[in-house]
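**Q** Take a look at the following structure, please.
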Amino acid sequence: MALNPLEQFKVYTVIELPRLFGYDVSFTNSSLFMMISVILVILFLLFGIKKGAVIPGYLQAAVEYVYDFVISIIENNTGSKGLQHIPLIFTVFIFILSCNLVGVLPYSFTVTSHVIVTFALSMVVFIYITIVGFKERGVEFLRILLPKGTPSWLAPIIIIIKLFAYLVRPVSLSIRLAANMIAGHTIIKVIAGFIVNMNIFFTPAPFLFIIALIGFEVFVAILQAYIFTILTCVYLSDAVK
């Protein structure tokens, strides 16, 4: 792994299981760290709200801050109508955040570095928003494909462009998240490998530089969870407004 910065993204089997309908369903490192991320989220929420104190402790305050943060994102982008969709938006945010942060830890695996994972998340969001759109607005939901005031002669072209833009939303969401996680981790691995090979890791400047890079990657991990969530809310606003 020290020689190949992309080795950290390799999926390998942890527990081999019998094939199911011809498909390999073995328990992989990706499954393991996804499970770890979910368990950490559950523990964070359970212990955070366990006491329900009027004057919250540090953990309860952290849970309340994350929850209020997600609510503010929803309100700012969808208005009050979007608040009924808090369960989905909060789950998406906290899951991606947990996976991203776990991936920063040494010898871990970044689940969100694989497009298949981020695309699955994006498709869940895409299908959910589409269903909500038709449920809330009916056929009127299709008006997002044709802005008001569009000349009739231009309408067919605009509809095709808007339909294409709508259908590629899950693709852009998934690639944006995966690409940013891959890029950040690869840069850290390349620089860290160079420093180790030069035998200068424990000198002050390179060591502090690596720490700063890891700190920046933590920031990117949080930022990417925020961007995914805010884009989800922007797309949701088309369905509820």
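Here the Cβ of each residue, glycine as well, is placed from N, Cα and C on the backbone.
Feature table excerpt (Swiss-Prot):
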type	residues	note
TRANSMEM	29-49	transmembrane segment
TRANSMEM	54-74	transmembrane segment
TRANSMEM	86-106	transmembrane segment
TRANSMEM	114-134	transmembrane segment
TRANSMEM	153-173	transmembrane segment
TRANSMEM	177-197	transmembrane segment
TRANSMEM	200-220	transmembrane segment
TRANSMEM	221-241	transmembrane segment
**Q** Which sequence positions outside the transmembrane segment (86-106), separated from its termini by at least 6 residues, show Cβ-Cβ distances below 8 Å to it?
**A** 33-34, 36-38, 40-41, 45, 66-67, 70-71, 73-74, 112-113, 121, 125, 128, 177, 181, 185, 214, 217-218, 220-222, 224-226, 228-229, 232-233, 236
**Q** Can you tell me which parts of the same chain pack against the transmembrane segment (114-134), counting only residues 6+ beyond its ends and a CB-CB cutoff under 8 A?
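**A** Residues packing against the transmembrane segment (114-134) from afar: 9, 11, 30, 34, 85, 88, 92, 95-96, 141, 144, 169-171, 173-175, 177-178, 228, 232, 235-236, 238-240.
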**Q** Please give the sequence-distant neighbours of the transmembrane segment (177-197): residues at least 6 beyond its ends with Cβ less than 8 Å from one of its Cβ atoms.
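**A** Distant Cβ neighbours of the transmembrane segment (177-197) are 1-3, 5-6, 8-9, 96, 100, 103, 110, 112-115, 117-118, 206, 209-210, 213-214, 216-217, 220-221, 224, 227-228.
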